[in-house]
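What Swiss-Prot lists as signal peptide is 1-32. The N-linked glycosylation site annotation in Swiss-Prot covers Asn64, Asn172, Asn242, Asn303, Asn344.
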Amino acid sequence: MEKYFPKYVPFFSLLALSGLLYLLWSITSLESWNCQTVSTFYQLQNSIQSVLKTSELLLPTEFNYSFCAHLGQEPTLEEAREESYLLKSIAWPEPSTLGLPLRQSSDPAQSYYTIQDTGDLRVGGQLAVKVHMHNFLGQPKKHGGDFLVARLHTPELVAGVAGQVRDHNNGNYTIFFPLLWAGVAQVELTMIHSSEAVMVLKRLREEQSDRVFFKSLFRSGYISESTLCNPCLPLKPQPLCNYTDPQTGEPWYCYKPKMLDCDTRIDHSKGGYKKNLLTVYESQFFQSGVNIKVPIHSAGVDNVTVLPASKVRTKKMRLEFTPSGYYYQGSWRPLSGVVPRQFNTSSLINQCLRGKMLYMYGDSTVRQWYEYLITNVPEFKEFNFHSAKNVGPYMGVNMNYNALLKYRCHGPPIRFTSVSSAEMRYISNELDGLSGGSDTVVVISIWSHFSTYPVPVYIRRLRHIRKAVIRLLNREPTTLVFIRTGNLQKLDAESSLFNSDWFSQQLDTVLRAMFKGLNVQLVDAWEMTLAHHHPHQLHPQLDIVSNMVNFILSHICPVRKKKKRG
């Protein structure tokens, strides 16, 4: 009988697939899925999997079976088109030949850059730098895809600006810097990951989205159990608890406890990080000091002298890249939108925040701003909600100036130690509860905890937040809304697999595109950390945070234009 079984595999597969399609047809919407439905779905997909495993010929590659593809509300045609456009915009160049040995991968120690023109460089112009990537054999690379970042800086002036890297897909790159101050400026170039390492990161993002796992504690009386949770759970013949948000359709599932009901969940927490994610071959591309965040040096001079702008009126040069701002004398100077102000005393901050309500939503990088204001403005008194440390929610009230500060973390996934399930809120739902107005300031930061997931998961979350922001601005157009971008951080061989700057850069590109054209202010944390001399950290150092807060306060309390005398 066994020797005839393979020829019936297509029949059994078709039969199982028909049952699956019937089940999907009978489910009218995601919100109506209950625990029993989801569990049945799991068991049915498991049946399909077991049938397919009878013939290796039917499985040409190793698949990551999970529930991810079937979660979330169906996007509209317009949303699907936008998602397709966004994914194309972050498509990364791939090596023409995969599986090359380490010695043929990018070696920052043997790569170099050259400054194109050291002649008459003046403020208002630009600097072009050519980068030539070589492998460990000293041979020129023939393809692109290396992840490089660069800055131009003058230590004596505490000045710095980010550069734009252009990949020519042949092993060569061009970096453009705007020239924004006079003096001797030095080029600093870093290879964060080789193109070969990026291919590994792409695989992990698509195939191992549950490499950070979460858990929830369930309790009733003296009985307690913990189970794994995620929006993407590995297929198991085990019942699920469905915690999909009814307003947004954002999916979240936990395996059902063996002895308790789903409504006995009391918290959410980070479970941990998966180990042994890489093959021996892949691990070669993640070596600290060798090919992770290693500087690339110049083949000649590494600095230029920038002269003051010419007093003679000349045709304005077309710049290849215009950054959002730059540092000068340690202060961030935006290039558009607002005149920067320095709020160096609690008195200045108090005057600016008089009568204001600041609502901060998101991850720990925006919680930093809440903590900065609470620490530097003693008039703010915190309410004790007995919240877990570094989790929140937090609230500070300034009775003297009638001001309010609030911080709340975003909904799952979030890698905090322990969050009460009653406090798990989605940003879009919170925004819908705000009245808004000229006294309301909203600050949002959501990026770091999505680095391990396929990009469509992040797009879906931002889509809900964007809709809520639009609704808020329609209710009260005078509401100020700030969106914080992601930033660079410290990396090693292990953290690169979960928190790589490449993941953050991909999400950052998506975030900027999705909020472009809306009446929101972007706090460019990416450029503010790249242009600064401090080492990269997930939580930037105090003077960077100070510049970020000053940027926000400069928008809340802009410099008043002097009226012209008639």
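Here the Cβ of each residue, glycine as well, is placed from N, Cα and C on the backbone.
On the structure: features taken from Swiss-Prot.
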residue : record                      : DSSP (3 states)
Asn172  : N-linked glycosylation site : strand
Asn242  : N-linked glycosylation site : strand
Asn303  : N-linked glycosylation site : strand
Asn344  : N-linked glycosylation site : coil
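In sequence order, the list of same-chain residues 6 or more apart from Asn344 (N-linked glycosylation site) whose Cβ falls under 8 Å from its Cβ is empty. Taking a C-beta cut-off of under 8 angstroms and a sequence separation of 6 or more, Asn172 (N-linked glycosylation site) has the following same-chain neighbours: Lys130, Val131, His132, Met133. Of all the glycosylation sites listed (Asn242, Asn303), Asn303 has the fewest other CB atoms within 10 A of its CB. Asn242 (N-linked glycosylation site) and Asn303 (N-linked glycosylation site) have their C-alpha atoms 58 Å apart, to the nearest angstrom.
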